[in-house]
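Annotated transmembrane segment per Swiss-Prot: 21-41, 60-80, 96-116, 119-139, 144-164, 192-212, in sequence order.
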Amino acid sequence: MYVPLLRPFFFMCCSFRYAQILIGFCWFLTAMAIYLSIWVAPSDFQQGENYRIIYVHVPAAWMSLLIYIAMAISSVLFLLTKHPLFQLFSKTAAKIGALFTLFTLVTGGFWGKPMWGTFWVWDARLTSVLILFFIYLGALRFQEFSADVASIFICIGLINIPIIKFSVNWWNTLHQPSSISQFGTSIHISMLIPIFLIFASFFFLTGIFFILETRQIILSFYFQRKSQ
């Protein structure tokens, strides 16, 4: 017996109200982050003003990994239960995750250009993130043919997540090591707060996209069934 939220009718009744609440949180956090990152956070002594792109680059990178883990969990649950909502969540996650990964690659290129002299290098971290982007696209492609195959493909793709995370430690890369870890941070608090605010904003934005996209898929399926 599934929890009520996994029933499409219950989801359609409650989800729009939740989306409105998330939109409010998203606007508030974004406004706070913009103010703190532009007018409060100081310039970096090495990169000057160019470093400010980290306020969107780093949270987007976190989201690209977090969404993939959530997508993999949803895929495992689909393989175990065959519940259609888990398949919808995985499909929606692949779309949103691909966008965040592409955004990470683009902003990373603009951040790296002043430091490396080029928008792209075949660095271990950059290459593994590019592979993540292609895995997202592959998951979307497989979803069109078989949900089971797509779910298995997504689970196999989990191998790439620790590679992305630890690539700067395992190999000699141009990408700087992580400035934030469980043991502390090398970033000043005035720079750290906007990063977490943007991350929270991206998190709520992802929730909004999940709700709206899943609602659209459910409605499309409903009208398709009704027309038959």
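Counting starts with 1 at the first residue shown.
Cβ from N, Cα, C; glycine included.
Small disclaimer: the values here were computed from a predicted structure and weren't measured.
Outside the transmembrane segment (119-139) by six or more residues, the chain places 61, 64-65, 68, 71, 90, 94, 97-98, 101-102, 104-105, 108-110, 112-113, 150, 153-154, 157, 160-161, 163-164, 167-168, 170-171, 173-175 with a CB less than 8 A from a CB of the stretch. When each of 21-41, 60-80, 192-212 is checked for Cβ pairs under 8 Å to the transmembrane segment (144-164), 60-80 comes out on top. Spatially, the transmembrane segment (21-41) is adjacent to the transmembrane segment (192-212); three or more Cβ-Cβ distances between them are under 8 Å for residues at least 6 apart in sequence.
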